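**Q** Take a look at the following structure, please.
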Amino acid sequence: MQRNGFRLLVLAALILSVCVIGLGAYTRLTEAGLGCPDWPGCYGFAGVPKTDVHQELAAARYPHAPLEVHKAWNEMLHRYVAGTLGIMILAINVLAWRRLERPRGLPACLLVTVVFQAMLGMWTVTLSLMPVVVMGHLLGGFTTASLLLVLWLRLRPLPMPRSPSRSQLRPSSPFASSTASAGALSLFALLGLAVVIGQIALGGWTAANYAAVVCTQLPLCEVDWQQSFDSSAFSLIQPVHDSYQYGVLDYQQRVTIHVTHRIGAAVTTLVLLLLAWQLWRHSALRQLALLMLGVLCGQVALGITNVVASLPLGVAVAHNLTGMALLLVLVAVNVQVFWLRRPTRHWQGSAARLH
Ligand code: HEM
């Protein structure tokens, strides 16, 4: 397979990972996470039980989990598409090992991530939606998409130099005249990425603990949240319950989580505004700055709509996907800043790989 074909496969996997993440959010929000009480099959079958005989068998096997066909289909569709993504990532690894010039470290990381992600998918079911597993599964999905983006960016064709002389192999760096400003930009880019990851984890914790609708007013909450602040709400290991569906934390704990996510949104906005200002100072990075601000505005608007409209399904799925889009933009910003700061190393590495 040619370089372009390989890159296309990575792009297809990236697009599919976005679909898997969206389907995952839809499955959770339609309360279909336990649509099949077993894993990887559904009531002991490879697909959703269809015939009367199969449905009777399903009822006998899992008397405490009556079959709801539409929920089982949601869950199984998510698993089939996720399985296809796993196969594509395996294919990326096989193809990476067949050609010396292709990166192998990133595909290997992807394979490890997707295998772990499958295990988290299994635990989501077998541990009945334990919040730390649900949040971990969200973060694992976002990590898969991020790694695919980095791989896709890494494979992008490099402009050919006019002369093969070594000096001309160095593209001009927008940072050439200002090392200090480049350092500040790298720092802001990393800080922005860390803050967005933290905010996504907080959002995942809000969703996994069913804390979305405990505060319905803006900007923070109708109750005295400072009075009821309870740091135990963030304890990742919670007491054992038969099921965590609809949440096991008390009202105060849920308010604590919800309000922290909103405060996190304010901090994220501030940090990303500062990053946008830094990016704007470099003409090569202005488009990324605008994209980042646009996605941020959309995400904040969707978050507010979630609150004021009591979590409409479409808006909640969109809030999940836009959170992922924001992460991908931050990943792209960091990759771009990294490459622009190290043009020589990148080019030398690429040149070496080509021979
Ligand atoms: C600033 C950037 C923000 C990011 C990156 C972000 C990210 C996220 C993520 C990743 C989730 C988990 C979604 C899921 O599991 O399906 C989430 C949930 C949530 N977020 Fe945000 N969020 C942001 C801002 C906001 C704002 C401003 C609000 C409200 C004022 C808000 C309200 C919520 C609510 C209510 C949930 C729970 C939704 C559910 O249960 O499905 N978010 N957020």
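For all residues, glycine too, the Cβ spot is worked out from N, Cα and C.
The transmembrane segment annotation in TrEMBL covers 77-96, 108-126, 132-153, 174-202, 259-277, 289-309, 321-340.
Could you tell me the structural context for the features on the list?
**A** For the transmembrane segment (77-96), the list of distant contacts is 1, 6, 9-10, 12-13, 16-17, 19-20, 23-24, 26-27, 40, 102-104, 107-108, 110-111, 114-115, 117-118, 121, 144, 151: same-chain residues at least six beyond its ends, Cβ to Cβ under 8 Å.
Within its own chain, the transmembrane segment (108-126) has Cβ neighbours under 8 Å at 33-34, 36-40, 79, 82, 85-86, 89-90, 92-93, 133-134, 136-137, 140-141, 143-144, 147-148, 151, counting only residues six or more beyond its boundaries.
Outside the transmembrane segment (259-277) by six or more residues, the chain places 188-189, 191-192, 195-196, 198-199, 202-203, 205-206, 215, 219-221, 225, 229, 234, 289, 292-293, 296, 300, 303, 333 with a CB less than 8 A from a CB of the stretch.
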**Q** When you scan the chain for residues with a C-beta under 8 Å from the transmembrane segment (132-153), skipping those not six or more beyond its ends, what do you find?
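**A** Sequence-distant neighbours of the transmembrane segment (132-153): 7, 10-11, 13-14, 17-18, 20-21, 24, 28, 33, 85, 89, 92, 103, 106-107, 109-110, 113-114, 116-117, 120-121, 123-124, 200-201, 204-205, 207-208, 236-238, 244, 320, 323-324, 327-328, 331-332, 335.
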